[in-house]
Structure formats: structure tokens, C-alpha cells
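Positions annotated as substrate binding site by Swiss-Prot: 6, 7, 152. Taken from Swiss-Prot, the feature FMN binding site covers 62, 63, 64, 93, 122, 184, 214, 259, 260, 261, 280, 281, and the record attributes it to sequence analysis. Sequence annotations record features per position, and here Swiss-Prot assigns Mg(2+) binding site to 153.
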């Protein structure tokens, strides 16, 4: 099967496959503050990912590209919304365009629409330094995502089976490209062990891509004749993954993604240690079903709601939101305790 056809199948299955709701955000409860001592007009949403300054912690995470007209139109619509709302955007894997010049336009449209926006290029862990540079140049990217998707590849009928040398390639890319590198998972979460190894080779930004959002094991299983059921619920829930990375490697910048559906989810992700939050599935569904205007309205509502939540917590900035007290309970508390983390760090600060 061609990469272009596979991209279309991924979009179709992503739209028809519901998020599994296992992100762990329901286990997080904020400690209410009756004297927040803030003026709502003083609250702002600016944040930073390393050297990149963002006007909002929300960004459109990697989804698609390389599937002809349909993915061209999706990326065009996403870019229009990102431009209007002044938020960053990542494109989907550019491997298809690196192999087939005819697919370049499905990615280049993002920069054409949003000439001054912050845009992230995207490659797989099998990519070379040359691939990385070409992907960045293709869309004049401000940052580069390298996605880790071992489980997806294992379930994918035509997926890769050689995962050696990945860390070395990442190290070489980090040293060679002139933009910040973000290493991300695609729905299975990042462990403290993985975060430490990535930090050792110079990675400074990690997108945990946790369990709870778009499930690529389920998507790939829909393309199989013999289903591999044991990978359908595989992974680290997003809430736990954020803590694993943030608490193990405090110098790393963390992005929370995977099952972020609401401003409350986003606030919880930030309070656990994320500096930004990526959203994909809910935004894709809104765009495809209702159009660009509805997507813009949805993003603006997220901004409005996050501001209200920050007001209730007395947090004027994203930095202050990262330090508000919260209580972790349920499965997330159990996971973190078993993994050696003290959740009182969050409840008593």
C-alpha cells in the first residue's frame, strides 16, 4: 500500500475511533483558592518552549500530510485556524514528501497560509540528518518534531521492524539542525527512563504523547485482518507521563498531549509540569465536521476557559499555574507511587 493511501486511511480511522479516555486527568483535582487576588485582565497565556516564545500554551499537534488533496485541505484549514488564533502548529510526518516531491505541497501549504506563524516540522526516528534538514527547509520550520512510534509500527502491517540506532540518530540531528528539536510519542507515553536517555543526548523538549487520546494501535488494528488486541490499551497515561518526565528531568521542557480535550485538561497538564499542550483529534474532528470557523471558535473558547480557570486558582501566568496545589488520586496516584514519585510534592506546594 502506498504511503498516500495509508495517510487517508489514518484520517478515516482517526475520525471513526473514539479517544479511549484513559489520560488520567480525571484523577487530578485542583485545590480551590477563595482569595485568588487577581484581576482577570492581568492574566495572560504566554509561554515558552525553550527559545520559542508562544502566545498560547495550546498548539495544533501533528496530524497529517502526504495524502494528496484531502490532507492538503486539512492542513490548509488547520493553518488558517492557527494563524487566526495565533497558536503554533505541527505538521504530520513528512516522510512521504521526502520520498515523493508530489506530496510536498500538502505540507508547504501550511507555511504559505501562515507566513509568520510558529510551525514544527515532523519526521520519524528512522530519519537521517539530511532528512531532518530537508523537512525543516520544506516548510521553513521554527522547530522539529521527531516522533517515536514503536507500538504503531509493530501493529502496522507494513511497519518497521528495526528500532536500532534511534538514540544516536536523534543525537546527530540535535547537533546538526538550527531549530529546537522536540521528541514526541504518539499516544503511548514517555517514561522517566526514556526522558533521561533523551536528555543525555541533548534533547531539551519532550512531548509525552500519552495514552488517552488518538490511539494508533487501534487505528492500525482496523487495517489488519488479524487484530493484535493486547496493544489497544498499551502505554503510560498522559497525566502520569507528564509527572515522570517533569520530576525526573526538571531541566527538560515538557509538552502535555494525549487526551487533552478541554481547557480543564490543559490546566491540569500544565499544573503537573507541562509548558504547553498539544491537541489533535478533537480539532481534526471539528474541522472536518464543521469547518474552519467552528475550529477557530473552539480554540478561542479554550483560551477563554483556561483564563477563567487560572483566575479561580489565582494564577496570572502559565508559570504560576505550574505551581498551584493539586491532589492526585486513583490510578494515577497508584502509578506514580509505584514508580517512586511523591505526589505530596503537588498537594503541599
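Even glycines carry a Cβ here, placed using N, Cα and C.
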Under DSSP, is residue 152 (substrate binding site) helix, strand or coil?
-> helix
Integer Å distance between the CA atoms belonging to residue 152 (substrate binding site) and residue 64 (FMN binding site) | 15
Quick one: pull the CA-CA distance for residue 122 (FMN binding site) versus residue 152 (substrate binding site), whole Å only.
-> 16
Between residue 152 (substrate binding site) and residue 214 (FMN binding site), what C-alpha distance do you get in Å?
-> 12
Hey, what's the Cβ neighbour count for residue 62 (FMN binding site) at 10 Å?
-> 24
Tell me which residues of the chain lie with their Cβ under 8 angstroms from that of residue 260 (FMN binding site), as long as they are six or more apart in sequence?
-> 23, 25, 213, 238, 266, 269, 277, 278, 279
About how far apart, in whole Å, are the alpha carbons (Cα) of residue 153 (Mg(2+) binding site) and residue 214 (FMN binding site)?
-> 15
In sequence order, what residues of the same chain, 6+ apart, have a Cβ less than 8 Å from the Cβ of residue 280 (FMN binding site)?
-> 60, 61, 62, 63, 213, 214, 257
Going by DSSP, give the three-state secondary structure for residue 260 (FMN binding site).
-> coil
Expressed in angstrom and rounded to a whole number, the FMN site built from 62, 63, 64, 93, 122, 184, 214, 259, 260, 261, 280, 281 spans a maximum Cα-Cα distance of 22
